[in-house]
Amino acid sequence: MEFTSFSTGPQSALIINLPSDPFVIEAPSSRALTLPVDQISSISAAPLAVQDRGADSAIAETLYRLRELRDRALEELIAAVVTGKRRGGLSFGLGNFYESPDRAERAIDNWQRLVRRALQSGEFRFAAEGRDDLGGFVPTSLGQQSGSINLILQVAEEIQPLNPHVARILCEYAYSMAQQLDPQSEGRGVLQFKTGLMSVIRQKQSKKEGERIDRTQDIIQIQNFYEEYRRFHKIDELERLEQQRGRIREDAGEAERRMHKLRKVSQVSKVLNDVLNSLIENTTEEEREKVISKETKDKLESAAAKTVEFKPFNILPLESPGVPDTIVLIEEVRAAALTLGYSQELPRLPESAVKAGLQRDLDIFDLLEYIFGFQIGNVNNQREHLILLLANSQAALGPPSRANQVDDSAIRRCYGRLLDNYIKWCQYLRIQAVTERATGDPRMMVLLTATYLLIWGEAANLRFLPECLCYIYHHMVKELYKLLDNADGSGVAERSKLNPDGSGTAYLEKVVTPLYQVIAAEAKNSQDGKASHAAWRNYDDFNEYFWSPRCLDSLSWPWRPDAGFMMKPKKKEGNLVVNLRRAKGEKRVGKMTFVEHRTGFHVYHSFHRLWIFFTVMLQALMIFAFAGEKLNARTFKKMLSVGPTFVIMKFIQSLLDIVFIYGAYASTQGWTFSRIISRLAYFGGLSGALTWLYAKMIQEDNSGSRATTWYHLFMIVLGAYLAAQLIVTLIMRIPFLRREAEKCGDWAVIRFVMWVHQDRYFVGRGLYERTRDYVGYTAFWIVVLACKFSFSYYFQIKALVSPTQTIVRITFDYKWHDFISRHNHNALTLAALWAPVILIYYLDTQVWYTVISSLVGGLDGATARLGEIRTVSMFQKRFSSFPDAFAKNLFSSKSGRGEKDPGTLPSQLNWNLQKLNAFKFAPMWNEIITSLREEDYISNSEKDLLLMPRNHGPGALVQWPLFLLANKVYLAVEMAQDSRSLNQQQLWEKVSKDEYMAFAVDEAYKLLEEVLLALVKHDAAHIWVKGVFNDVNAGIQESALQGHFYLKRVDSVLSKVTALTTVLTKKVGPDAEKNKAQAVIAMQDLYEAVMNDFFTVELRERIEEFRALKEARMSGRLFGNLDWPTLDREMENVKRLHLLLTIKESAASIPRNLEARRRLQFFTNSLFMNMPSPPPVLKSLSYSVFTPYYAEDVLYGKEKLKEENEDGITILFYLQKIFPDEWKNFVERQGIVSNEIERQLNNNTNDMMELRLWASYRGQTLVRTVRGMMYYKKALILQSLLEGNPDVEEGGFLGATLEESPGYRMARAIAEIKFTYVVTCQIYGQQKQKNQPQAKDILYLMQKYESLRVAYVDIVDKVQEDKDGKAVNVQEFYSKLIKADADGKDQEIYSIKLPGQFRLGEGKPENQNHAIVFTRGDACQTIDMNQDNYFEESYKMRNLLEEFSSTHCLRSPTILGIREHVFTGSVSSLAWFMSQQETSFVTLGQRVLSRPLKVRMHYGHPDVFDRIFHITRGGISKSSKTINISEDIFAGFNSTLRQGNITHHEYIQVGKGRDVGLNQIAMFEAKVSSGNGEQILSRDVFRLGQLFDFFRMLSFFYTSVGYYITTLMTTLVVYVFLYGKVYLALSGMDRQLQDLADLSGNRALESAINTQFLLQIGIFTAIPMIMNFILEQGVLKAIISFCTMQLQLSSVFFTFSLGTKTHYFGRTVLHGGAKYRATGRGFVVQHISFADNYRLYARSHFIKALEIAMLLITYLSYGQDNSGLAYILLSFSSWFMALSWLFAPYIFNPAGFEWQKTVEDFDNWTNWLFYKGGIGLKDTESWETWWEGEQAHIRTLRGRIWEIILSLRFFFFQYGVVYSLNVAGSSKSLAVYGYSWIAFGAVILFFQIFSFTTSSSVKFQLFLRLFQGGLFLALVASIAVTIVFTDLTIGDCFATLLVFIPTGWGLLSICQAIKPILENLRLWDAVRSGFRLYDAMMGAVIFTPIAVLSWFPFVSTFQTRLVFNQAFSRGLEISLILAGNRPNANT
């Protein structure tokens, strides 16, 4: 340690040079001194004040914070160093060091640890960065120079404490630069920036007290400052050491610190040099020599020139020779970099093209940049990309065989994978691939690979068009060949015709931008997704143009701008786009191969085979049932009717092919169109022929003749068709035959058959699996279909045969005027009976799939050994087997650089296998436990119990964690004392029944021996100790322990041993002599206990006769020379023995935290699951993690944590109650006193930051995600250290921290080439410009995690002149990658200009697309920002990546699905329901989808992609507006269609957050349901439905869009059933059918009309959840969990969810309107108002629920079986659905039944309802605004027609009820119905009169009121008279008013559909009033029960417990939470 000072004019700085880094302390004196520690007696200093000093700002900030907060370690340092305190200063001295060296040593040790912690902590650095830069944010509109200005201001800020004058000069220079760049301040933010900077300059000038600025003095000031700066930083010495780097041995850490210092010095020097040059620019040479010395100027320029040596880099410092990075020492990296070097065959670059000051050798990327004009950012990015690809490919093969190049096989691997899609494209188009020339030439392969990467890297939105990139690559490589061939003569490279002028953006401008502009114009025409999909070209349309050979002819190269493909659409007019024509007559190219028309018929079009199959089977089953189950010739002939049905439905499919391609006729290829027409003609003719022949056959059969001519003709035609169809099906669908057919694909016959059978696409070829898999999913569906058809036949079809025959035969009397049924065999009655049955028939396959898949998934999970460890007791019992399983599955036995096993160290030769595996297992296990402690899931005491000893000592004894051994020694002693009748062997067998008890006894005995022998190794007692243990060992071997020793007195000995270890565990300090004396006494007590209590008399006498021992005792020297344990091992043994003997409480419940238990149980369970063996880290696959982020929470701020809601609840308060144990652990970790928590958190910045992190780690925040993903890197480093790496061949040893471990730097370097994490923060630039907290928090994350990279789109505003010379503002878009530099600033690494606005489609995939170029590796894991990862799971990533090389399937996997754990399940009951539903899908559901069904897709995160496969095939998602709103699943579709393979693996998991409130859940389900509605229209679903074999198609349907179709049908069943029952009741059929059933004894009819709706489909959806419970929790817990869910009204939630899915799916299919819905990821602690819930659910749930209630009330009033059990059975499920849809939002609403809130809700709702609205109002402010928005989806004519048709059902009520009124009598005349309309008109008229208001005079208002009153009295009187003198009853009046409600709603719905007409007729205001009335009535119906229940306090209490049940189970006081910290006094 030394003290120095640094003089800078009037001020000086005192430096304390510590072992880590210096700290700056201001002092007023100007003296300069450097004194070593041993020469300092006393130095006075001014009051301590810390200043920011550049690179050391984090350290300085640390000292300041720690001193301010009185950190204990700093106090110890001051106590040891500071001899006294005086006012105004501190005295530094060494008095305490010499007086108490132990104390000094401890203080210095604590100080070093303190500094190390500060260096590693990002909090202090972030705190230093919290203040804004000088002058504010530098606007990007200043262009590329904005970075230079920013650097100047940073340097000015850093030197401000040292010399404010120089800082002011730098600010002035920055201002002048900004003024030159934008003198008029026209750019965005420039004026504000200049104003702020000028304010700073004036403040600095004011310090000079108004003096005039002398620029000469400025020059002198800079010179003096720089000279002092050089002396202070010892720059000459640093440069000398840097020149010797590599020639002298030095610590790598020291070299890295020197590099950071040199980088900072060079930056400061460069800025000072630039400023100095600007100041002397206009001076003469003589004037310059007067003010500045040439020597200083030369040094300044020399130092400034070194900035190029520290160029920012991403992973590889390719152009930063000043950076001593270990990564460049890796052989594979060096070889890969040299592989890209120039070869003699390549033309040389002109000298003018070689960049000055280039810090590396030229390579092929420089050549390609020169030829084609790629951007420098793209070139640098892809250079590193390719080097890493080659290096990792080589690493998998081993060290390179040549020093200057990777092996050819590594090159071929990269080349083949990247260009595989291009080669397939060439084969498809039957053109020669340009890659053929490179065959056998590795150098050329590298060149072509680099070309493709550069094309892809700068393609921007064109990356969504993979075949378009193939086209571009094809032509650019052809041109490259020509240029290379032409250069043979001159040897100088020529430029491409794309880049004649050498522009740095030629490729972007000439290739990418023209096509981008066309795509952007089409996207604009989509009207943000509101336009019809058929009206504009999406990404798929553009890409599929390149599936045709005509693209090669029509587009030419470069792009032909007048080509039809390149024509932009005109502005959209209505729903049409007008095609443009050019002079040549070429038409604009429109939609390609497929048109996404919005219609539900896509369901049939895509899955016609499914509907044909079920329809034909229904027909066959009905024929068989109606034939009396007799299979004779007549029945067989009837069965043959399925033939015409089949071909007719095929004809419909062919007709839809023609209809659905409308809009793409002009673009459709001739052979495709001819195929469609041919199939239409073929099936049209065949269906006509078969139908006619079948009719003739039936006529022939009914004629009574025996002729069979027509029968035989029919059979010949049908047989011929079936034979041909069978042959084609076998060839196309059986995997083996399909493979053989494709081998013969060039045969004309095979090509013709394939052409007829299915259309030929570039994608979708080879969609078959191996025979084993085919048999597997075929067998699965045979079982499902067998169950389905058996149930359908016996319980649905057969039960209705007899009733149907009866109904057809009998003539019934209808109560009303019948139009249809009477003369058509009661057709509507039959429809009412059969319609629900048929719907159930079509949808119950989903039910049987759910049941069978649950059983299969459960069996598969059990086979995979899931759930074997599911309790703490199981975990503890099997712990001893964990090391062996770990060594087998997670430990690579071979190092990356040799064949030496890291376990075979010399000290391990006497180890057995268990000890060796425990040695490997312990470090990893301890890191896991440490991670749990850092995450506050366990306490300090639990951590001590869970940690496992390192097991690195000699001997075979394995030391286990203390939680397994706690109290075991004493239990064994008690057992020995109580088992007197047992011999030694029997006693040991009894002890060994608990293996951990045996371990504890064995370890305690051996530890005691080691401790005592080490303690007395120089004492005479050594003889006694050896003798004692020899005797005991002899007794053990002779089985004579009980004879030689008194085992019943062992407890006395143990108590003395415990007393001894208690003394020995004390630290050596000032009381050392006292402690030694106590140790002597303890040893003497132990001696007496052993000799007198434990030994028999014979043994005692024998030992006492030892001469040396006897003499020592007699002289008092016994135990007088004890050796205090000082070695690490000795101290560990003492501590371990002490804990073994002192922990007496049971540790059976360790860990106590449920999440810690779950994680440890799953991890240890996974050790026994089947997984690939891991390779060494260096040989493992490299990968990236990729997280898209927009504007969500990054890190909860202090204000947000303490912000109170309306109830006084804060997020922090809520989290403290939800996670009480984790809060307690956090307080313990921070050392916070419990009764001073608030004060300490407010006063301690570090604690506050830790608090913010603690809270954020429990929310769905970005910081939680980043922390979890960065565990991957930590795991790689740990694996490399434990298994060995090129620096340390023999791993296994860790230092005190990972950073201090041998070989750490190499391990970190290997991890960096294997792992990359990119967070694509789309609007980070805008957030930073607005100084938003998200930007600061993202910067903090980059500072905290050095490997984190952030990509964002930077928007630069520029002023340009248009064609008229006017200045216009334009925007340029740049894709940028940044990281944090050593100073904690964000540092730009790459910048790639984009062709324009990058977001043309859906936001998230576009955000991913722009940043995917910055990812690295073979794989890419997509992680959303609401996810988490666990350290123990990251250890298995190597194993998972090896799945890409698996051979378990026909094709290697391209997407690896992994298990997810939903971590939000404990927040509320809803969150629990959602988490269990999600868990069952992501585990059991996807397990079955992967195997055996082979239809798993990509359902979102966290799947791992084969990155190379997907970046060359369109990316990891699709982005077309609206159609790809569920962007993730389209990646799975695309992967499958392109012959990928998607698997699922459950031995690894990640965390995932889900929505926790009902509204959040509803919005999420709305988004997913709408997305599935769009998927139905997509070409991907169509192609998969067409190209899969039949059984795989069934799997795909029922696990994707089919689930939502059957969900919709489930709801439709309720409507159809109820409308059917109401029809039977109102028509009078209900009573007649019931009487008929009772009279004739037809039980089948009675069953059909009473029980057909008792099939509760909803109950089957819980089966996967139950099976998952059983598998992973056990049967008992599964039953308890399921029952608990039911008691908490989970059925209400799932029923409500059914309505959400039905509404949004159906509306999307009919009208569109799918959009991204922000759900919010916060905590649900706030009451949702009644109005908010009403707005959200009025149209989706409430209206439908009231309609169902109306049907049930009508049936109750007029039905026959409307009382008793029959009605309950029939209506229970319907009433349950209606009530769930009405009241679920309020049942699950926090404080939903609290009276005060109910009153407030009513006021809020009425104010909103009756607010008249206005321009610009939100829907939350006005009912009218909301109502207008709710009908915005009705835009098209087709949609309006459908709305009208669906609204007609509401008129049925009025028609049926009026004929049942008493006043109607028995009349069936239509006049009755007409009179009802007159009455309805009168009601409307009276309503208009009574609701009429006016602002006229008072007299008129009085007259109006009198008129309205008189009219009301007249109306009442007329009704009374009518009731008295006619058959009209009061019940008739109420019934009439009741049925007028649906009639009015139906009329209003029709009016809504014809809105444009009514607006022209000025009737729209009346419609609006009608809707407002209905909303008021619906709200009143819903609100009334809520208000009544709110009167009773117990209802609110019960509802609170219901909503927050999971929190209650964890000790949460809900009443306290809802009241908040300030109970509501008004309540």
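The backbone N, Cα and C atoms fix where each Cβ goes, and this holds for glycine too.
Bear in mind that TrEMBL entries carry predicted annotations, made automatically and left uncurated.
Look at TrEMBL and you will find 443-560 tagged as domain '1,3-beta-glucan synthase component FKS1-like'. Per DSSP, the domain '1,3-beta-glucan synthase component FKS1-like' (443-560) is made up of 82 helix, 1 strand, 35 coil.
Annotated transmembrane segment per TrEMBL: 640-664 (among others), in sequence order.
The transmembrane segment annotation in TrEMBL covers 676-695 (among others). Away from its own ends, the transmembrane segment (676-695) comes close to residues 640-641, 643-644, 647-648, 650-651, 653-655, 657-658, 661, 710, 713-714, 717-718, 721, 756 of its chain (Cβ-Cβ under 8 Å, at least six residues beyond either end).
Residues or ranges marked as transmembrane segment in TrEMBL: 707-732 (among others).
The transmembrane segment annotation in TrEMBL covers 774-795 (among others).
Residues or ranges marked as transmembrane segment in TrEMBL: 1601-1624 (among others). Tertiary neighbourhood of the transmembrane segment (1601-1624): same-chain residues 603, 607, 828-829, 831-833, 835-836, 839-840, 842-843, 845-846, 1569, 1572-1573, 1575-1576, 1581, 1630, 1633, 1649, 1652-1653, 1657-1658, 1698-1699, 1701-1702, 1705-1706, 1748, 1751-1752, 1754-1755, 1758-1759, 1770, 1773-1774, 1777, 1849, 1852-1853, 1856, selected by CB-CB distance under 8 Å and a gap of 6+ residues from either end.
Per TrEMBL, transmembrane segment is recorded for 1653-1671 (among others).
The annotation transmembrane segment is assigned in TrEMBL to 1764-1788 (among others).
The transmembrane segment annotation in TrEMBL covers 1841-1858 (among others). Within the chain carrying the transmembrane segment (1841-1858), a Cβ under 8 angstroms from the stretch's Cβ atoms is held by residues 816, 1619, 1622-1623, 1626-1627, 1710-1711, 1747, 1750, 1754, 1758, 1834, 1864, 1872-1873, 1875-1876, 1880, 1935-1936, 1938-1940, 1942-1943, 1945-1946, 1949-1950, 1952-1954, all 6 or more beyond its ends.
According to TrEMBL, the transmembrane segment annotation covers 1870-1890 (among others).
Under the heading transmembrane segment, TrEMBL lists 1902-1925 (among others).
Non-local neighbours of the transmembrane segment (1937-1958) in the same chain are 1743, 1747, 1750, 1753-1754, 1831, 1834, 1840-1841, 1843-1844, 1846-1851, 1853-1854, 1857-1858, 1879-1880, 1883-1884, 1964, 1967, 1970-1971, 1974, 1977; each lies 6+ residues outside the stretch with a CB under 8 Å from one of its CB atoms. What TrEMBL records for 1937-1958 (among others) is transmembrane segment.
Positions annotated as transmembrane segment by TrEMBL: 1970-1992 (among others). Using a Cβ-Cβ cut-off under 8 Å and counting only residues 6 or more beyond its ends in the same chain, the transmembrane segment (1970-1992) has close neighbours at 1730, 1734, 1738, 1742-1743, 1746, 1782-1783, 1786, 1792-1795, 1798, 1801-1802, 1805, 1809-1810, 1823, 1827, 1887, 1941, 1944-1945, 1947-1948, 1951-1952.
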Practice task
Considering only the recorded stretches 640-664, 707-732, 774-795, 1870-1890, state which has the highest number of Cβ pairs under 8 Å to the transmembrane segment (1902-1925).
Solution key: 1870-1890
Exercise for the section: With the transmembrane segment (707-732) as the reference, find which of 640-664, 774-795, 1870-1890 contributes the most Cβ pairs under 8 Å. Expected result: 640-664
Handout entry: Cβ contacts under 8 Å made by the transmembrane segment (774-795) with residues that lie 6+ beyond its boundaries
Key = 617-618, 621, 625, 734-735, 768, 841, 844-845, 848-849, 851-853, 856, 1491-1494, 1589, 1591-1592, 1594-1595
Completion exercise
Sequence-distant residues near the transmembrane segment (1870-1890) by C-beta distance (under 8 Å, 6 or more away from its ends) are 817, 1854-1855, 1858-1859, 1864, 1908, 1911-1912, 1915, 1936-1937, 1940, 1943-1944, 1966, 1973
Fill in the blank from the handout: Confidence over the domain '1,3-beta-glucan synthase component FKS1-like' (443-560), expressed as mean pLDDT on the 0 to 100 scale, is 91
